Amino acid sequence: MHAHCLPFLLHAWWALLQAGAATVATALLRTRGQPSSPSPLAYMLSLYRDPLPRADIIRSLQAEDVAVDGQNWTFAFDFSFLSQQEDLAWAELRLQLSSPVDLPTEGSLAIEIFHQPKPDTEQASDSCLERFQMDLFTVTLSQVTFSLGSMVLEVTRPLSKWLKHPGALEKQMSRVAGECWPRPPTPPATNVLLMLYSNLSQEQRQLGGSTLLWEAESSWRAQEGQLSWEWGKRHRRHHLPDRSQLCRKVKFQVDFNLIGWGSWIIYPKQYNAYRCEGECPNPVGEEFHPTNHAYIQSLLKRYQPHRVPSTCCAPVKTKPLSMLYVDNGRVLLDHHKDMIVEECGCL
């Protein structure tokens, strides 16, 4: 994880958003006489300003390559961002083609989608581009719509399995040889977007933690052509303190007699509540279950150590304690929540 570069990345992206909001112009493109369409940045800005979020995560992938041959349409995208399990709610192709496309009056379109990792800049310019087929399916003309000047094709079903099982693409790449495509002298300019609207899986919701950290990891892996989540975890553990001094759960024995509660608590008289102690690294990793706020704070702490306080080692998961005690002459059995620390993290 190149966490030391993230603040500069965030700053550059924010500057781009500000500049794009002020100067972005509609592309002079037309599709079957439709009006010109807003640029990808302008479209994402319109979603950003939408007061009603459509999904937890909305991604726009610009096509690496596009081929339209009659009723056979081929699209290549870089899916290297795949890392965490997500539930795909909706996926659509938004086409802003540079020349008019005459759709057939009947029949269907054959759509083929490939994963094409961004080429290694160190490879020879005459080397081929490797592609891996993700799906081949048909789209009926009734599924083709127009929105904001773009031709829109709904492609949720073919792509949902890849987001549901992100490791499947990596396994396929290791098992099946990809197709070799000649590398163009200059990157092709395409105006085809794949819009992915996805929600965090139930497992991710239960785990909690920093969604921003996951996205930062995903962004860096995509830039470096890495698909493995483990890759990011291994490379993030540099410049850490001694692991024995990091935030962790330690024993913490509670004796109710010492605090004067032993007269009315029947059982237990003592129990191990555990507590949290230790340092929080900067930046903090997902193993410490940071919130988004804590993750940003830990990044700033690394660059401004004298101005920003460290995140605190504190309980992030607790469990109840069953207690038998006397209350107004009655013996009660009650389960009191948040009495025992199960996991510690940096908040």
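Cβ coordinates come from backbone N, Cα and C, glycine included.
Owing to the predicted nature of the structure, the values given are computational and were not obtained by experimental measurement.
Looking at Cys312, Cys344, Cys346, the record from Swiss-Prot puts Cys276 in a disulfide bond with Cys344. Using a 10 angstroms CA-CA radius around Cys276 (disulfide bond), the recorded positions that qualify from Asn199, Cys247, Cys313 are Cys247, Cys313. A coil conformation is recorded for Cys280 (disulfide bond) in the three-state DSSP classification, outside any helix or strand. Note: Asn199 (N-linked glycosylation site) has non-local neighbours Ala55, Asp56, Ile57, Glu86, Asp87, Ala89, i.e. same-chain residues 6+ apart with C-beta under 8 A of its own C-beta. Among the recorded positions Asn72, Cys247, Cys313, the ones whose Cα sits within 10 Å of the Cα of Cys344 (disulfide bond) are Cys247, Cys313. For Cys313 (disulfide bond) paired with Cys280 (disulfide bond), the C-alpha to C-alpha distance reads 6 Å.
Sorted by the number of other CB atoms within 10 A, the disulfide-bonded residues Cys280, Cys313 start with Cys313, the lowest.
Cα separation, Asn72 (N-linked glycosylation site) to Cys247 (disulfide bond), rounded: 56 Å.
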